[in-house]
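Going by TrEMBL, these are the annotated features:
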- 31-72: region 'Disordered' (REGION)
- 43-72: compositional bias 'Polar residues' (COMPBIAS)
- 209-230: transmembrane segment (TRANSMEM)
- 210-420: domain 'Cation efflux protein transmembrane' (DOMAIN)
- 277-301: transmembrane segment (TRANSMEM)
- 313-334: transmembrane segment (TRANSMEM)
- 368-388: transmembrane segment (TRANSMEM)
- 394-413: transmembrane segment (TRANSMEM)
Amino acid sequence: GWQASMKSGSLSYILPCNRLPVQLMRQVRVYTSSGQKKDPGSEETTGSAPQETLNKAGTGRQDTSNAGQKQSFIKEPIQVKVKAVLKKREYGPKYTQNNFITGVRAINEFCLKSSDLDQLRKIKRRSPHDDTETFTVYLRSDVEAKSLEVWGSPEALARERKRRKEAEIKYRENLFRNQRLLREYKEFFGNTKPRSSAAAMFFKGPGKVVMVAICINGLNFFFKLLAWVYTGSASMFSEAIHSLADTCNQALLALGISQSARTPDPSHPYGFTNMRYIASLISGVGIFMMGAGLSWYHGIIGLLHPHPIESLLWAYCILAGSLVSEGATLLVAINEIRRSAQAKGLSFYQYVVQSRDPSTNVVLLEDAAAVLSVAVAATCMGLTSLTGNPYYDSVGSLGVGTLLGTVSAFLIYTNTEALLGRSIQPEQLQRLTELLESDPVVRAIHDVKATDMGMSKVRFKAEVDFDGRVVTRSYLEKQDIELLLQEIQQVKNLEELEAFMLKHGENIIDTLGAEVDRLEKDLKQRNPDVRHVDLEIL
């Protein structure tokens with residue numbers, strides 16, 4: 001036989017030709033997921049064409065069998081499955097009043113004192129920080145009730161908030177006059193880490209190298225200046241300017257080292273480590289302007305307007321003393337860089353080029369340039385003494401200026417690269433990536449970035465695709481399965497199912513947060529240079 005298809009809404013029937021559903025449309029009722037009846041008028045219109053075709057094809061049999069078939073179709077019940085959908089919840093004030101709120105937010109938003117919170121219910125929650133296991137939160141409804149008890153009415157609380165907001169704006173406008181209040185604010189909330197003593201930093205490491213260089217270059221400048229006044233040599237003037245530039249630049253480096261030890265604050269959450277690179281960059285610019293610029297200027301003046309040079313005996317003695325002192329400072333800087341490079345597993349050249357320690361780098365390059373410039377100045381002054389030609393002395397001044405310009409260009413380049421936020425070495429990045437990918441809870445990682453923040457501090461960022469099954473199993477391993485099974489068996493309706501899912505869903509999210517904390521802790525422990533880890537959950 002032949003078959004005809006009849007459609008009504010989302011229902012479709014394939015019927016044989018000997019059973020004509022003439023009255024079927026009257027029995028179909030379509031329901032939405034919300035339980036509302038749908039008007040079947042449109043369906044009747046849709047099914048009119050198939051009915052006419054059926055009537056034309058079966059006119060010979062309708063008179064004898066329609067009555068019995070009609071009765072049989074009416075008796076057959078039509079079952080429609082309606083999908084059970086959880087009603088969408090409107091999260092209004094009644095729901096959010098049971099949210100948790102920290103003590104700091106409660107004090108700031110509801111104008112309370114810390115003593116007001118002592119009488120409220122305290123709830124321990126998992127801390128997102130590594131240094132503490134749990135932290136205390138309060139119910140928002142309890143905090144709101146306490147604020148109304150303290151202030152009497154919502155209007156009074158709103159007025160107090162407005163007053164405090166105005167006071168805060170005024171405080172920010174007069175920040176320099178309120179430094180004492182700012183220090184009290186920091187003492188009240190505490191510091192994230194103890195501040196290191198600035199004086200102790202100059203007795204070891206880069207601070208010691210910089211202080212030794214300041215003392216030696218200061219003495220060299222004084223004696224070279226006397227030699228230039230006595231002899232009038234252009235090369236000696238360049239050497240005096242060179243020592244003055246070194247002294248000023250190293251004083252700037254000392255300031256940068258001191259500022260880099262400042263404690264991070266809300267305006268600078270990652271600290272002030274880059275102050276060393278900023279000071280080194282300014283130092284490079286200073287060398288170029290003061291050292292190279294003045295040396296070139298004095299050498300050109302000597303070539304355009306030569307004049308005879310007096311006895312150079314005292315100049316030679318001072319240059320010899322300067323060579324010894326600059327060489328001693330150079331050895332101190334070399335030993336410090338070699339020790340630091342061995343600790344980082346780098347070669348001496350890699351440590352200098354990557355500008356791992358900008359302060360020591362500046363001292364190293366300045367003293368190396370000083371030793372070479374002393375040799376250049378002594379050679380040109382010797383040629384002037386032997387030949388009596390003052391042009392050699394002016395050429396020596398130009399040579400010293402060129403040497404200083406080269407050093408300053410290298411310092412500007414390396415410190416600019418460091419301040420721009422360059423990536424870490426590919427080998428180190430590969431180790432961090434392999435550590436994450438080898439963890440069972442991680443399905444895949446994307447958009448990996450590792451930035452060298454300077455002074456052996458690395459910031460690592462990655463988007464992590466977590467395996468939900470492993471996270472859920474990690475949660476189930478900590479639960480009593482028999483008790484969990486009893487809870488499942490007690491679920492009888494949608495409300496109980498929702499309560500069950502909300503309870504364990506929140507716990508699974510907490511388990512995911514604990515897994516993130518564990519991964520961050522592992523990254524920091526196995527790679528001490530990694531100080532900040534940002535893992536984004538996909």
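Any Cβ shown, glycine's included, is placed from N, Cα and C.
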Self-check item: Cβ contacts the transmembrane segment (313-334)/the transmembrane segment (368-388), at least three under 8 Å, sequence gap 6 or more
Solution: yes
Exercise. Determine which residues of the chain contact the transmembrane segment (368-388) at the Cβ level, with the cut-off under 8 Å and only residues 6 or more beyond its ends counted.
Key: 217, 220, 233, 235-236, 238-239, 242-243, 246, 308-309, 312, 315-316, 319, 322-323, 326-327, 330, 395-397, 399-400, 403-404, 406-407
Quiz item: Where else in the chain does the transmembrane segment (394-413) make close Cβ contacts, counting only residues six or more beyond its ends and a cut-off under 8 Å?
Solution: 234-235, 237-239, 242, 245, 280-281, 283-288, 291-296, 298-303, 306, 361-362, 365-366, 368-369, 372-373, 376-377, 379-381
